[in-house]
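Trainee: Here it is, the structure in full.
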Amino acid sequence: MERFKKASSIIETLKQQGHEAYFVGGSVRDLIIDRPIGDIDIATSALPEEVMAIFPRNVPVGLEHGTVIVLENGEPYEVTTFRTESEYEDFRRPSSVQFVRSLEEDLKRRDFTMNAIAMTEEGEMVDLFAGQEAIQQREIVTVGNAADRFQEDALRMMRGIRFVSALGFSLETKTKQAIETYGHLLEHIAIERITVEFEKLLTGTYCVKGLKELVETKLFSHLPYLQMSEERLLKATQYKWDSFETDIEAWAFFLYCIGEEHPSVFLRQWKFSNKKIKDIVAVLLAIRTRKEKDWDTVLLYKTGIYIAEMAERVYEAMIESYNPTSVKRVQSMFHALPIQGRQEMNVTGNDLLNWANKKPGPWVADMLQKIEEAIVKGNVVNEKERIREWLQGCNLL
């Protein structure tokens, strides 16, 4: 409750000004579940302009949605006006938002009952939709009619399964049936938004359970490049998923598990940046080599520590070893390398031109590459004169 106490002064101030205010959303849910608390959000009857007048230190980030960030005790808090939403457009966004003075109206528009619990600054729960009961039953239940909630915003179906992966809860029967019925509406949602939810699913503690729900609800058939992948996804659930340190590792492991032969094509369908695609593919290539042989100095140098660490963690997950010393061993090997990048070489192309008394050409790059590999292998010390002597001894000058 310590973090809530820090934010309680905002609620107290709003109440002193004649407004209602409560803690809401994921932070309240996680407090009940006893999970680490993320951002603390506050809902209030005060209109955005009233919030800004009461708290001069603010950032008006989403006034059309009633959200103002209030800076209090050195922390930013989202303060959002109670609101209700009209008919939704394209199964993803409300055509308009109306500010209201009723907490109940605000809570009833939310996705799942566990996310529709409010809490006073004293820690008293306002639970109008049996959210605590759902948490106790470890069930994910929509607020009100599941069909209505998913037709309002089809992304809620992905969010539901993402929560299965994060919390280990199960989808309540009617909620699950509604996903099976309305899964096709997911095709109205921007790929980028789906990718965010799927990535959270892959990094969840109960990822296997989430993947199984994805298959059982047939929601996978509306995801990029997975339309005909039921068997591949079931294959992925047979692996023991670890909690990876990065999303790059989670995607690499997922692609390995489903046996994806064209990872770059697959990832482009999910609208990833070129940098992220490059990193995931690099991890997969490093794993392929790692399966054939252990790390050596040249392989580690060429791979680089950033990719090598991730590849080693994924490789450990693949063989279900989870040896905590394996990544440390890779780190120690890398830090023991004579150089960790070409920029650390104590010789330049100009040095080679002077020593050889030859015109510039492709031979300079070839020679630098030979020297680089020799330094990494320990065949020559990374000192200019020693490198010159080595070149002469090898008849390369």
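Just so you know, glycine gets a Cβ as well, placed from its N, Cα and C.
According to Swiss-Prot:
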- Gly26, Arg29, Arg110, Asp153, Arg156, Arg159, Arg162: ATP binding site (BINDING)
- Gly26, Arg29, Arg110, Asp153, Arg156, Arg159, Arg162: CTP binding site (BINDING)
- Asp39, Asp41: Mg(2+) binding site (BINDING)
Trainee: If you measure C-alpha to C-alpha, which of Gly26, Arg29, Arg110, Asp153, Arg156, Arg159 (binding-site residues) come within 10 angstroms of Asp39 (Mg(2+) binding site)?
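Mentor: Of everything listed, what lies within 10 Å of Asp39 (Mg(2+) binding site) (Cα to Cα) is Gly26.
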Trainee: Restricting to the record's ATP-binding residues (Gly26, Arg29, Arg110, Asp153, Arg156, Arg159, Arg162), give me the longest CA-CA distance in Å as a whole number.
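Mentor: Largest Cα to Cα distance for the ATP-binding set is 21 Å.
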Trainee: Considering only the binding-site residues Gly26, Arg29, Arg159, which residue has the minimal Cα-Cα separation from Asp41 (Mg(2+) binding site)?
Mentor: Gly26
Trainee: When you measure from the Cβ of Arg156 (ATP binding site), which residues in the chain that are at least 6 apart have a Cβ under 8 Å away?
Mentor: Asp111, Phe112, Thr142, Arg149, Phe150
Trainee: Would you mind listing, in sequence order, the residues at least six apart from Arg110 (ATP binding site) in the same chain with a Cβ closer than 8 Å to its Cβ?
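Mentor: Non-local contacts for Arg110 (ATP binding site): Ala116, Val143.
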